[in-house]
Ligand code: 4NP
């Protein structure tokens, strides 16, 4: 988590995948790292979770942590499941794939909540609105490295989007 949770003018961002051990903690780590490098940490609060209960309480997959560590990012997040109250708390709920998006949409109680859900990868430059972060769980280390690259680029696009939408100058 970064930022000051009790401050009212910060952007609250939640990354969501299925297990919360591969893609969403990788995205959380990459986005927090970008915020630190660009000096925007105090503007955001960031967390991640999974739609499933499969890995609650676990650290990220060793392959996710190894890949992040190579880029100087230490992942200490422990998996948790998405809960309905997250809709109220967070401003942006960023799904890694269309299945996560659909599952979140089914939990939303109204249009205001549904509008907070986005496919994260649509913010990556050159990607379409339906682009997904591929699930690396049954893959190799190379797949985890690809995920890291994708979530890093999508993080840059997402930060640009939030800052430009809100008139904040980005270096
Ligand atoms: P994630 O990857 O959703 O990116 O964390 C997965 C992790 C675990 C499982 C599937 C995907 N699983 O089936 O346990």
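Glycine residues also receive a Cβ, built from the backbone N, Cα and C atoms like all the rest.
Feature annotations, reproduced from TrEMBL:
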type: DOMAIN; residues: 11-161; note: domain 'Phosphotyrosine protein phosphatase I'
type: ACT_SITE; residues: 17; note: active site, nucleophile
type: ACT_SITE; residues: 23; note: active site
type: ACT_SITE; residues: 135; note: active site, proton donor
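The residue listed as 'active site' sits 7 Å from the residue listed as 'active site, proton donor', taking the CA atoms of both as reference points. Mean pLDDT of the predicted structure over the domain 'Phosphotyrosine protein phosphatase I' (11-161): 98. Following the DSSP three-state reduction, the secondary structure of residue 17 (active site, nucleophile) is strand. A helical conformation is recorded for the residue listed as 'active site' in the three-state DSSP classification. Within the set of active-site residues (17, 23, 135), the lowest number of other Cβ atoms found within 10 Å of a Cβ is recorded at 135.
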